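K.L.:
For 16-35, 41-58, 79-97, 103-122, 134-158, 209-231, 237-259, the entry in TrEMBL reads transmembrane segment.
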Amino acid sequence: MSSRTGLLGMARQGRLDIIAGLLGLIAAIALLPLQFLLDQVYIRTLPIVLGCASLLYLHAARDERHGEVATLSIGTARILPPLVILGSAALVVIAAASEGRTLLFYDIAAAVGTALLAQILFVDNDYFSPGLMLFQIIVFGLVVRFAALYTTPGFIGIDVWTHMVDWTGKIYEARSLQPISDEKYYASPLYHLLVVGSSLLLDVSIRTALFIVVGVAMPISVLLIYATATFFVEPRWAVFATAAYAISASVIEWGIHLIPTSLG
């Protein structure tokens, strides 16, 4: 049976995931010509991303009936988790020593991310531990974000200066929401109250409180992705979704540009 016939056969059997994958591939192909008509970032990237994702899933689904995917050796599977932790520790040392994120920092971060994905995709089922993988993802996420936060004077971004210096700082001094009574955040001051409350409770600066409360919450919040994904896919793919989300550019951006938008 050819892969094409196999995929169509599974689609005829009512496999919603296969149907979605085929529709995604068709949509990606249909959207490709728009790149010649419109100069917009989503028009240029969405068809490629959607097409690659659909092909990858359909290939994996086809392989369900054509044998198992190659897996890492037992020795490699055992050595990769310590290497990820050691690599994350090395990132801390490099960021602290260079007072920033250098090219070496990004090279090692890329290697650590590759080691993470290799474990998720190629470790044998008998040795695959979702808990261990989630631990590595969170550690790596914390290191990448806090290396940026603590090596940057002040704050990263633009809006955060208004939220922290103008509004949160004044709320802290006044012990009241009155300083933002004319702002829209007066009706939903969760971000500002979290920072001020943590600063008072822990006896730290509002900058440190921001990093402790909102900064730590961002990498840990990826557990919600895993918890949700397990309702729809196997644990391995739920972990993959968690890792892909945790290391994506947009998620990292909102993990270091800490404003109310970061809270979702």
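Just so you know, glycine gets a Cβ as well, placed from its N, Cα and C.
What TrEMBL says about a protein is an automatic prediction, not a curated fact.
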K.L.:
Most CB pairs under 8 Å with the transmembrane segment (134-158): which of 16-35, 103-122, 209-231, 237-259?
P.N.:
237-259
K.L.:
Counting Cβ pairs under 8 Å to the transmembrane segment (209-231), which of 16-35, 41-58, 79-97, 237-259 comes out on top?
P.N.:
237-259
K.L.:
Mind checking which residues reach the transmembrane segment (16-35)? Cβ under 8 Å, same chain, six or more beyond either end.
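P.N.:
Same-chain contacts beyond the flanks: 7, 10, 43-44, 46-48, 50-51, 53-55, 57-58, 61.
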K.L.:
Quick test of the contact rule: Cβ under 8 Å, at least six residues beyond the ends. What residues does that give for the transmembrane segment (79-97)?
P.N.:
72, 104-105, 108-109, 111-112, 115-116, 118-119, 123, 132, 136, 139-140, 143-144, 147, 150-151
